[in-house]
């Protein structure tokens, strides 16, 4: 029994797709366990970029099984579009499996997401408007439609009719917006269901059978710990649990079967959307990091907010997710800076604290306490070991490991698979 979980430790966009792709080379099954097509990951293979939002990174390995677990909310329209994109690029999807227990995102979820966000005005959360939150709301309210329901024509029609009647009353009465058509949604989405039914199965059985057989299973998280609905910067969070604990709920695999948790982070910090960000940069250094790091959302295209590395955030992520190994990305983006900074603690009303407050009001008053380190001028994109890094870059990497309290297993100096360097295999000693 060998399993590794890959999670984001910041606010998403840490490079999980790349690291999952890298670790997938030694895995036999790769599974997603939460989120939806609000998650975007970019994978570079042989110099070619592939952008996915829903299908796991493991799809690029035809000999491995790629799983969308029950904790994922699936937009069938987006899924079919992504399948067509992969087929056009010559990528086979025969290895894909989709949980029959996963919930379905429908047009009324997307419309409700947009209307609710618009109604918040200045208090908007910064949602991707993909219908993720409303879909999880229906799931919790026990009125959601699952993939298994989508494939059954009579059940789908019955549940869609009931749900749409309620949603249309909400649209017309509360938001004074146009109602949606039952016939249009039913015909379009039932057809999508038929297009994906070949992939649908009980994925919990597949995952547990694989683990019981001693196969290597890799669980791929979406978003990041700081966007977790319980442990993140609530309410500026997603509607699911990106933390490692979400694996067991979202995949149907018990906690005793999880061996290692790899936390993925950047050598700096980024965030899309609104919410607290203590180390955010508003100067020319921030702009430089954004441009050099191509910090624009994969899903939204929005410019990402950027800031210095925050070890307070990282220690919070380590604690609530039980992170055992760290993967440090984008070190190359910081090349050319005279000085690099790491936030080691916060100043809250004159008191030094080393924890991440739950209160948004306290977070607003938190000022980062920085440790400054000398930067490096060298181009490090060709470095293939820690020893090849310039001394200052090497010291920066080591200091991050010391402050976070997690051993660094891999570090990356560019987007390519070959630019990911192994310090310690996460598949060993399991």
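Note that Cβ sites are derived from N, Cα and C of the backbone, with glycine treated the same way.
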Which one, 195, 198, 223, is listed by Swiss-Prot in the same IMP site as 13, 14, 15, 16, 38, 39, 40, 41, 128, 142, 238, 302?
223
Are there recorded positions among 13, 15, 18, 300, 331 that sit within 10 Å of residue 38 (IMP binding site), Cα to Cα? If so, list them; otherwise say none.
300
Distance from residue 13 (active site, proton acceptor) back to residue 413 (GTP binding site), taken between C-alpha atoms, in Å
16
If you run the three-state DSSP split on residue 331 (GTP binding site), which class comes out?
helix
Mind checking which of 12, 15, 40, 301, 303 has the fewest other CB atoms within 10 A of its CB? They're the binding-site residues.
301
Measuring CB to CB from residue 302 (IMP binding site), give everything in the same chain under 8 Å that is also at least six residues away in sequence.
272, 273, 296
Hey, of 18, 40, 128, which of those binding-site residues are within 10 Å of residue 300 (substrate binding site), Cα to Cα?
40, 128
